[in-house]
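Residues annotated as NADP(+) binding site in Swiss-Prot: ARG40, ARG46. For ARG135, ALA136, SER137, GLN256, ALA257, ALA301, LYS316, PRO317, ILE318, ALA319, THR320, ARG342, the entry in Swiss-Prot reads FMN binding site. Per Swiss-Prot, region 'Disordered' is recorded for 278-299. Summarising the annotation, Swiss-Prot assigns compositional bias 'Basic and acidic residues' to 285-294.
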Amino acid sequence: MVRWLTAGESHGPALTGIVEGLPAGIPVTTQDVQDALARRRLGYGRGARMKFEQDAVTILGGVRHGRTLGSPVAIQVGNTEWPKWEKVMAADPVPAEELDGLARNAALTRPRPGHADLTGMQKYGFDEARPLLERASARETAARVALGTVARAFLGELGVRIVSHTVAFGEAALPESHPFPVPEDEARLDADPVRCLDPQTSAAMVAEVDDAHRAGETLGGVVEVLVYSVPIGLGSHVHWDRRLDARLAGALMGIQAIKGVQVGDGFATAARRGSAAHDGIARGADGRPRRTSDRAGGIEAGMSTGGLLRVSAAMKPIATVPRALPTVDVATGVETTAHHQRSDVAAVPAAGIVAEAMVALVLADAMLEKFGGDSVAETRRNLEAFRAAVPALPEPGADVVEDGPMGDPLP
C-alpha cells in the first residue's frame with residue numbers, strides 16, 4: 001500500500017512530505033522535484049508570491065544516487081520567506097515584547113467566507129484565524145506535488161504517462177470537439193498562460209482573468225487530467241473503497257478549493273439516453289476487445305478498462321476576494337468585511353499540476369495493489385506478464401450468427 005502524508009504551514013520554515021510503499025529503483029532527483037514545483041507556480045492570474053517563491057527542495061531520505069531505495073521517501077520544501085516569519089510562526093514560545101507591534105502577528109479576527117477561518121476557529125477553539133489559514137493554505141500542495149513527482153516517475157517506468165489541461169476558466173470553456181492533449185503536448189501547455197492548447201479559447205480565458213482582476217474579483221475553472229497506457233483492471237468492483245473512480249475522486253476533492261469531480265464525460269452523461277451514454281465494445285487490431293469511445297473516462301464498475309483515463313476537477317473562485325466579503329469580527333461582534341491576505345486572482349492552471357500529482361499517487365497505489373513488486377523491475381515483469389495473458393477474442397467461424405439474440409439473462 002502506498003501512503004503519503006504532508007506536514008508544515010504556509011509561512012513555516014518548510015513543508016515536509018513522506019511517501020511510503022513505492023518500490024526500489026524509481027529514477028528521481030532533486031532537480032526533478034524542483035522542475036515539478038516550478039510548473040505548479042505557472043499560470044495567468046497568480047499573485048506576487050509566485051515571483052519570489054523559490055521552493056528550496058531537499059530530499060531527506062529514501063533516495064540514493066538518483067534511485068529510490070524502497071524505503072519511505074521524505075522531501076522537504078523550504079520556505080524562502082521564513083526569516084520574515086521566524087518569530088510569528090516559531091514553534092517555541094516567543095516573549096510577548098518581541099511580538100508586540102509586528103504587523104504579521106496581528107490577530108486575524110475577521111474570518112473570510114469560503115475559507116477554513118470561522119469553522120476552524122469554532123472547531124479547534126482558536127480566537128483568531130492564523131492557526132487555521134496557515135495549514136489550510138494551498139501552499140501545502142507544494143508538498144503533494146513533490147511526492148507526486150516520485151509516483152509519476154514510477155508510472156513512467158511502466159509506460160503510464162499523465163498530462164493535464166485547463167478546460168474552463170470562468171465562463172470561457174474549451175469546445176467539446178477539441179482533441180485531447182497527449183503527453184508530448186506538456187511543454188506547449190506549460191508555455192500557454194492558462195495551459196490551454198486552443199488559441200482562441202486561451203485568449204478568452206485570459207480575458208476572463210483580466211476582467212475579474214479589474215473588478216476586484218477572483219475566478220475558478222475546470223481542469224482535466226488524462227492518463228495514457230493505463231492497464232486493464234486497476235481498482236475493483238467489490239467494495240466502494242476499492243473502486244478506482246472513488247479513490248481518484250476523493251484524492252481530487254482533497255485539493256484545496258476543488259468543489260466537484262467528474263470521471264470521463266461525467267455530468268454530461270446524465271443528460272444522455274443510455275444508447276448514447278456508454279462506450280461500445282469492438283474487436284481491436286490486436287484481436288482483443290477495445291472500447292469505441294471514452295465516455296466513461298477509462299473506468300467501468302470501479303475498474304480501469306485499459307483505455308484513456310480521464311478525470312476533471314472544478315475549482316471554485318479563490319475565497320480571499322480583494323472586494324472583501326461581509327463577515328463578523330469575532331473579537332468585537334461587529335459586522336464588517338473580511339480581512340484580505342495576499343492572494344491570486346486565479347490558480348486554475350496550477351490546480352492542473354496538483355491534480356496530476358494526486359492522480360499519480362492514486363494510480364501508483366493501484367498499480368502496486370494489482371501487480372506488486374519490491375523493485376521497479378519486478379513490477380514491470382508482473383505487468384508485462386498480465387498484459388500478455390489477456391486473451392484475444394476467438395476468430396468468428398463462418399457459421400456464427402452475427403447478431404444472434406442471447407435472451408434475457410434475468411428471466
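Glycine too: its Cβ is placed from the backbone N, Cα and C atoms.
It is 16 Å from the Cα atom of ILE318 (FMN binding site) to that of ARG40 (NADP(+) binding site). DSSP assigns ARG40 (NADP(+) binding site) to a helix. Spacing of ALA257 (FMN binding site) relative to ARG46 (NADP(+) binding site) is 15 Å (Cα to Cα, whole number). Ranking the binding-site residues SER137, THR320 by how many Cβ atoms sit within 10 Å of each one's Cβ puts THR320 at the top. Cβ neighbour density within 10 Å is lowest for LYS316 among the binding-site residues ARG40, LYS316. Of all the binding-site residues given, namely ARG46, ARG135, the one with the smallest number of surrounding CB atoms inside 10 A is ARG135. Burial estimate for the binding-site residues (ALA257, ILE318): highest at ILE318, by number of other CB atoms within 10 Å. Residue counts for the region 'Disordered' (278-299) under DSSP (helix as H, G, I; strand as E, B; rest coil) come to 0 helix, 7 strand, 15 coil. Between the CA atoms of ARG40 (NADP(+) binding site) and ARG135 (FMN binding site) there is a gap of 18 Å. Mapped onto three states, the DSSP output places THR320 (FMN binding site) in coil.
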